[in-house]
Amino acid sequence: MNSKKTGVIILGCIAFLHIACSGDKKTQAQDTSDSMLEKSSAISEKPNIIFYLADDQDVYDYGCYGNEKVHTPAVDALAKDGILFTNAFTAQAICAPSRSQLFTGKYPLKNGCFANHTGTRSDIKSVTTHMKKLGYEVVLAGKSHVKPENVYQWDREWEPVPKQGVPRDYIPLDSIAAYLKNAKKPFCMFITSKYPHGKYFDVEHPKASDIKFYPFNENKKTDKTFIKTKAGYYRSIEEDNTQLEEVLKLVDTYLTDNTLFIYSADHGVSGKFTVKDIGLKVPFVARWPKVIKPGSTSNQLIHYTDVLPTFMEIAGGKFPEDMDGNSFLPLLQGKDVEVNNYVYGVRTNQNILNSEIFPSRMIRDKRYKYIRNFNSIEVVEQNLTGKPNVNYFIERGAKAHKNEPFEELYDLQNDPFEQHNLASNPDYKSIKEKLIKDMFSWMKAQGDILSENMIGIPIITPKGNRGFKLDQDTPRRKIPEARKNTLTKDDYIVIEHW
């Protein structure tokens, strides 16, 4: 395989300038064309592509990923009929930034959407541009949460629809059915569910034995509130599975075998807003009859930024060099080849309901993972400025995350749930130093606002009065009266395109 660039930012279609530190980007043209010829009977015509994206669901909460307590028969059946990926990632465990990667093939720092409720840069080309040029109709059916419209120009777009007796709107099944029945040209459709994202179902009298616990939440076994919330979440997962079942019935009724169907979820809920694997690792299952071997598994690192390059190659095109992602088409075709040697993660923690100043960056290969928390208690003093009002919010952010150290290093082979920090262990010094070097090289190539030797800590905001300001109350955090409205425009880095 001519793999494109090997570096990628951690981790449902798609999120880099040339990244020198991550390895050479290759074109994938010649070897992939050979593999395409091998599969010519299956993809001699452009296949239809459907990407189903759930909302806020842990990779650990599926039957096919080992949780026998949750009911996910439709996803489990897809895995049985296709391929299950064990190392698929998004770069940000939050809605808009995660989706922006799928749709652009670029990490959030490069595409501009690196905080929630913000927009992609207006000069970015998305899936709607790239796939249209390759002869596809590009459709969004369900939740969007991406902007601006000039970047995301869907050929057809249908909003979620209200449904009685359930906590969230449904995907637009009637519109999907009518479209699939009458489709005249190849299409790329994103079906974006609002499940299982809260508000969850109200489950009466749940028991701890109904829930599967993991090292990151086993201390909650006697927490009645947690158990009730988790039971409602499991029930919401079932409701999403019901919608997925209906979609698959429509696909099997109206479409040929020449249809690639991918299921994923935008990020985990247990690690939401973090760069831990419980937030960034995502479920990723694909079915493509006559191309994907049923019941197969891949342990290769793939990333949401790889989705658009893959779709473009399947459609007969070439993906541009400034995309961060690589095509994983060879994996779908049964070849065990490396797509990425790294994936990366971003944590902003500003412009959200619980806004605090606590940015993080992460780099991960198949075994080791390094995290830098730039405003930890350990280093907060060096982040302070000559402005008392700014310093209050810098210190507040560090205290809000007082249990998160400046550096984290994990051996994921022996510690998959990141319970034992090895950052200060001298036996891992060389591993840590290499990861640090490569992470900061990647950050520089991405145009990150953070750097290794920066002075202070950036405070970011959308222009004007929009967004969740650090010095104003939100529904989830209160600011002392004396600190309200004390920050000025000059205290912030204003992100103009937000």
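Each residue, glycine too, has its Cβ placed from N, Cα and C.
Residues or ranges marked as signal peptide by Swiss-Prot: 1-22.
Summarising the annotation, Swiss-Prot assigns Ca(2+) binding site to ASP55, ASP56, CYS95, ASP266, HIS267. For the recorded site, HIS267 (Ca(2+) binding site), the DSSP three-state label reads coil.
In sequence order, ASP55, ASP56, ASN116, HIS145, ASP266, HIS267 make up the list of same-chain residues 6 or more apart from CYS95 (Ca(2+) binding site) whose Cβ falls under 8 Å from its Cβ. In the three-state DSSP classification, CYS95 (Ca(2+) binding site) falls within a helix. Annotated 3-oxoalanine (Cys) per Swiss-Prot: CYS95, in sequence order, evidence recorded as similarity to another entry.
Under the heading active site, nucleophile, Swiss-Prot lists CYS95.
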Across all protein chains in the structure, which of the binding-site residues ASP55, ASP56, ASP266 has the highest Cβ count within 10 Å?
ASP266
Please give me the CB contact count at 10 A for HIS267 (Ca(2+) binding site), counting all chains in the structure.
32
Which state, by DSSP, holds ASP55 (Ca(2+) binding site): helix, strand or coil?
strand
